[in-house]
Amino acid sequence: MEEATPNPGHGNRQQLAERVASPAVRNLELTVEAVVEEYVGSFGWSQFLHVLLVSIVWVFDSQNTLVTIFSDAQPKSWRCINNSSSSLCMSSGSRGDVSSVCGLKPGTWEWVGGHESSIVAEWGLVCDRRFLAAVPASMFFIGSLLGSAFFGHLADASLGRKRTVLLSCILSSATAFLTSLSPNIWIYALLRFANGFSRSGIGICCIVLATEVVGRKWRGPVSQYGFFFFTVGFFSLPLIAYPTRKNWRNLYRIISLLPLSYSVLSFPFVSESPRWLLVRGRSKEALDVLRKFARRNGKTLPENLCLANPSDPKEGGENEALTKTCTTESLWRTKWAAKRMITVMIAGFGVGFVYYGVQLNVENLNFNLYFSVGINALMEIPAIIFGTILLGLTSRRLLFSLSAFLAGISCLLCIIFAHGKHGNKADKSRDGSWAQLIIEGVGFMAASIAYDVLYIYCVELFPTNVRNFAMSQSRLSLMLGASIAPLLVAAGRLSPSLSFLVFGILSIFSGVVSLWLPETKNAPLYDSLKQQEEEEKHKHVGQSNNIQA
């Protein structure tokens, strides 16, 4: 009987122990988005430093992309060699008209800037060989096109964002240096292809790596920081190119040193994306990254915090479910995502064609090349400022479409002022149309805004487990447009109006296509295609019910 009698003291102690132990057992399960917003901070000092270090890489991307503006430029003037007795040389027309050399014998004339001032001067890419000068730039963008798919898959499936950027920087440095050793136009074009392939990991990973660690209201501004550094790289090119104007090979050697130095000195301090770590089943490492960000912001995460699994946990353990979701979900096999991706790529093709084409087309403006490039680089600054402000005030879709429309209209207006090209080419300062330069600058600023917005738009349109792949496909379309642009620029040497007409039409077309994309402003970043589809359906049903009510 005594054994059956309960012990009141023992029961109280047991209940007290359960109350004390229960909080420790019960985990606080939150998504990465919620942890950043509630505990780490939307954009603290640690995220600012992280974004800064990541965004610096855009400087090298810009330099490697736009270096051909100077290295592949057509020299503006030539002269007869002093000991030449050729009467044809002495009687030729303006020394600023490059077409005049086509009937001259080799050895009777020379370029004023020297035969190593550009690849056109060194390898004689004029007259019937003038279209060969467009091949290296086209090969660069074709390499970027293929590299986007490669690095996008690599960043999502195995290496992650951080190591993919590091690999891209190292390869960009190596290929840029090898380009300076090119013995002929064909090896040069091949190495430009390799350089374009190598730099692709920078553009598609840096913006994702920067935006995945900040709160939703900061994603727009943070995406613009990368483009600011792209502008810094753009603006630095004339400053590097002018001292090396006598030897284009030295220009490549200088820009090859910068990404390598950065990779060794600065990039080790960059953290991997916690979102990518989570979808790869490495939740402990993802939590460690978030704790580090919180600590540097002067905050702490709850001890019982664990990260929510975006996939169905009933199918297996956390790592198994997450990995299975990441590896089995396909963007192209998911109907809604595939339609969305195709729309983005069509819009991206036109924007990429115009954005890069207008930059390469500065040589057809009849202004000093260094001055024209500097003006375009300066126009990137208001593009970033206006883009950052407008991203916070208006929708992504509206901002992209209006920017594309403005760029297209500006290009069409440039046709009216293209008459200067047919004047006396020896006097660039007199023939250059200031109205054309200003309108071209406004058009380039609008194209830059559209180009920048497309990146952040694409980040928000797709979930974590395919985000880098989606970015790579978007960049692929941008590079496909850019790869065709140099051929149009070469044709523009004969007919400037043609290049501006095509630029204008394609830009307006991109703005129209973008109107079929959904709005993403202030939308959360989802982790899987299944999760995003369910959440967006639920959101649309809720909106329909509210309208009916």
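Every residue, even glycine, has its Cβ placed from backbone N, Cα and C.
According to TrEMBL, the protein has these features:
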DOMAIN    50-522  domain 'Major facilitator superfamily (MFS) profile'
TRANSMEM  131-152  transmembrane segment
TRANSMEM  164-191  transmembrane segment
TRANSMEM  227-245  transmembrane segment
TRANSMEM  341-358  transmembrane segment
TRANSMEM  370-391  transmembrane segment
TRANSMEM  398-418  transmembrane segment
TRANSMEM  438-462  transmembrane segment
TRANSMEM  474-492  transmembrane segment
TRANSMEM  498-517  transmembrane segment
For the transmembrane segment (438-462): best-contacting stretch of 164-191, 227-245, 370-391, 498-517, by Cβ pairs under 8 Å: 370-391
Other parts of the chain folded back onto the transmembrane segment (370-391), taken as Cβ under 8 Å at six or more residues beyond its ends: 69-70, 220-221, 223-224, 227-228, 230-231, 234-235, 237-238, 241-242, 358-359, 362-363, 399, 437, 441-442, 444-446, 448-449, 452-453, 456
Remote residues contacting the transmembrane segment (227-245) - C-beta distance under 8 A, at least 6 residues beyond either end: 55-63, 66-67, 69-70, 113, 117, 251, 254-255, 370, 373-374, 376-378, 380-381, 383-384, 387, 448, 452, 455
Recorded stretch that, among 131-152, 164-191, 341-358, 474-492, 498-517, has the most CB pairs under 8 Å to the transmembrane segment (398-418): 498-517
Long-range environment of the transmembrane segment (498-517) - Cβ separation under 8 angstroms, sequence gap at least 6: 340, 343-344, 346-351, 353-354, 357-358, 361, 364, 397, 400-405, 407-412, 414-415, 418, 443, 447, 450, 457, 461, 481, 488-489, 491-492
Recorded stretches the transmembrane segment (474-492) and the transmembrane segment (164-191) touching, at least 3 CB pairs under 8 Å: no
Predicted model, mean pLDDT over the domain 'Major facilitator superfamily (MFS) profile' (50-522): 81
